[in-house]
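Here is what TrEMBL says about this protein:
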SITE      4  site 'Transition state stabilizer'
SITE      30  site 'Transition state stabilizer'
SITE      165  site 'Positions MEP for the nucleophilic attack'
SITE      218  site 'Positions MEP for the nucleophilic attack'
Ligand SMILES: Nc1ccn([C@@H]2O[C@H](COP(=O)(O)OP(=O)(O)OP(=O)(O)O)[C@@H](O)[C@H]2O)c(=O)n1
Ligand SMILES: C[C@](O)(CO)[C@H](O)COP(=O)(O)O
């Protein structure tokens, strides 16, 4: 039984930056924008390449997307199995893994290309804590801000209430499940789910929550690019942070 990684490469997604941002190449999908001198997805893939226990990494891209051909590395292979929604891309990736000899019992880690700050250590922690779990699990971050519900009111959006936050976590990726059960769960859940864990939850299962980190955010808003670049700038090769070297 092995463990594989499927990095959802962005498939049909285009650059999500809705406001003009001169530092970014306008025609380039988000996952290929340069961050600290490298396309974003290569930072993501470097973290997976640093995990020795993985049997391989599949990058799911949109058909006709040849961007990664110029960055080919033995650490990953590219499959044009991307679909219109994230869940479609993940299904395509899981089927491609099975077609290449993976077994339904094998573990798979599904990761967002846009979570380019994940570290090899976080991936290893997830694998460690899920390896003997009957369901699998995901990296997640306990909510620290006060949580408001919103609804339309006089003059626009207004607070509808303050929600209990002590049991709330922000779902991150990677998310680790066995290939066969995950494939079946997503097929049954349909394409509108926003993560793999929710497909497993719909089966009545309770995925394990493994603490991730605040830096493992999904690069989404224009400001996120600068923040991600700043985080990368204070890391050194090998995944250690600069400040841990000066103690
Ligand atoms: N058709 C799609 C859409 C998304 N993804 C994956 O899902 C991740 C998150 O989707 P993304 O479009 O990046 O979401 P947002 O950051 O919320 O961006 P936006 O909603 O602004 O497009 C991407 O990094 C990509 O790995 C995918 O594989 N296939
Ligand atoms: C999988 C995910 O990153 C967990 O937070 C998130 O749900 C992806 O959502 P998106 O709307 O496809 O970006």
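Cβ from N, Cα, C; glycine included.
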_residue 4 (site 'Transition state stabilizer') to residue 218 (site 'Positions MEP for the nucleophilic attack') - Cα separation in whole Å_ = 21
*Out of 4, 165, 218, which recorded sites lie by ligand 1, with a C-beta less than 6 Å from some atom of it?*
218
*What is the Cβ neighbour count of residue 165 (site 'Positions MEP for the nucleophilic attack') at a 10 Å cut-off, with all protein chains included?*
13
_Annotated recorded sites 4, 30, 165, 218, filtered by Cβ under 6 Å to ligand 2_ = 218
*Fewest other Cβ atoms within 10 Å: which of the recorded sites 4, 30, 218 wins that one? Let me know.*
218
*Where residue 165 (site 'Positions MEP for the nucleophilic attack') and residue 218 (site 'Positions MEP for the nucleophilic attack') are concerned, what is their Cα separation in Å, rounded?*
21
*How would DSSP class residue 165 (site 'Positions MEP for the nucleophilic attack') in three states?*
coil
